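All remarks here apply to the structure that follows.
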Ligand SMILES: N[C@@H](CCC[C@H](N)C(=O)O)C(=O)O
C-alpha cells in the first residue's frame, strides 16, 4: 500500500506528516516507531497524523507521536508546520488546530513563517504532571529545575554552562517525579530578552529545536524573574520568538516552517 507523506521541519526538528483525513492507514505505535527510524524507516523526530476535526471551529485534528511511538499532547514546531501545510493546500492565513491539548490558533505571518497561540501554560503539580504535591517552580532535584506543562510535560534547568543533554537527559526524562516522563530543557540566560536552550525530548532524544520546550522555558524563566515576557530562544537549529502574554496568559510562538520534500512509502514493509 503506497502512502504519500510530507517531510517537514521547524528549525531542524523534523517530522513525517501523514494525512488520514479521508482514509486510515493502520498507523499503530509500532508502525510509527518503525517509520520514524532514521536507519530503517523514513526518519523523523516526530510523526504527525492529520485527522478530520471533530471540534467546532477547528480545521484539522492533529496527533503528535514521538520517534519511539509514544503520543504527546503538543508539539510546537510541528504545529507551525501543519498550519503552513494547510496554507499550501489552499487554506487562508489563519487556521485552528485541534490537538489533544486543546484548540490552537495559528497565523501565517509570511509563507513559511508562522505564529501559533500555544494557549496558557499549566503550572500545577497535577498538570505537569508530577508524582506528588510539589511547588513546580522548585523541584527537589539537583540543579533546582522548574516544571511546566504546555500540553506536554517540561522541566527546565537554568545553568551557566550547558551540559551535553545525552549525559543527564535519559535519566531525567524517566525520573520518578515524572509519571508520564518529561522533556528536559537545559537553558542559559543570555539577557532579559534572549536565552540559549537545548532540549532532551521525551521519546525522541536530543533534537535541534523544541517549540513547546522553548515556550515552557520562557514561562519558567519569567516565573523566576530571569527574562522579560518576550524572549528569543536560541537552539541548535535556530531561534524562536516566544511571548507569554500578560493580558490572557497565552504563550505565542513565532518561527519558521519548512517542507523538505513529499514522498510515498510502502506501508506493507512495516509492522502493523
Ligand atoms: N518537538 C516538540 C515536542 C514533541 C513532543 C515531546 N517530545 C513530548 O513527548 O512531549 C516541539 O516542538 O514542541
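Glycine is no exception: its Cβ is also placed from the backbone N, Cα and C atoms.
Taken from TrEMBL, the feature substrate binding site applies to 13, 46, 66, 76, 77, 152, 183, 201, 202, 211, 212. The active site, proton donor feature in TrEMBL is assigned to 75. Under the heading active site, TrEMBL lists 75. As annotated by TrEMBL, active site, proton acceptor applies to 210.
Positions of the features from TrEMBL, shown on the structure.
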{"residue": "13", "record": "substrate binding site", "Cβ within 10 Å": "29"}
{"residue": "66", "record": "substrate binding site", "Cβ within 10 Å": "25"}
{"residue": "75", "record": "active site, proton donor", "Cβ within 10 Å": "31"}
{"residue": "77", "record": "substrate binding site", "Cβ within 10 Å": "34"}
{"residue": "183", "record": "substrate binding site", "Cβ within 10 Å": "28"}
{"residue": "202", "record": "substrate binding site", "Cβ within 10 Å": "23"}
{"residue": "210", "record": "active site, proton acceptor", "Cβ within 10 Å": "36"}
{"residue": "212", "record": "substrate binding site", "Cβ within 10 Å": "32"}
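In three-state terms derived from DSSP, residue 13 (substrate binding site) belongs to an extended strand segment. Listed in chain order, the residues near the substrate site other than 13, 46, 66, 76, 77, 152, 183, 201, 202, 211, 212 are 45, 64, 72, 74, 75, 78, 199, 204, 207, 210, 213, each with its Cβ within 8 Å of the site Cβ centroid. Reported as a whole number, the C-alpha separation between residue 183 (substrate binding site) and the residue listed as 'active site, proton acceptor' equals 9 Å.
As a whole number, the greatest separation of Cα atoms within the substrate-binding residue list 13, 46, 66, 76, 77, 152, 183, 201, 202, 211, 212 is 16 Å. Residue 210 (active site, proton acceptor) has its Cα within 10 Å of the Cα of these binding-site residues: 13, 77, taken from 13, 66, 77, 202.
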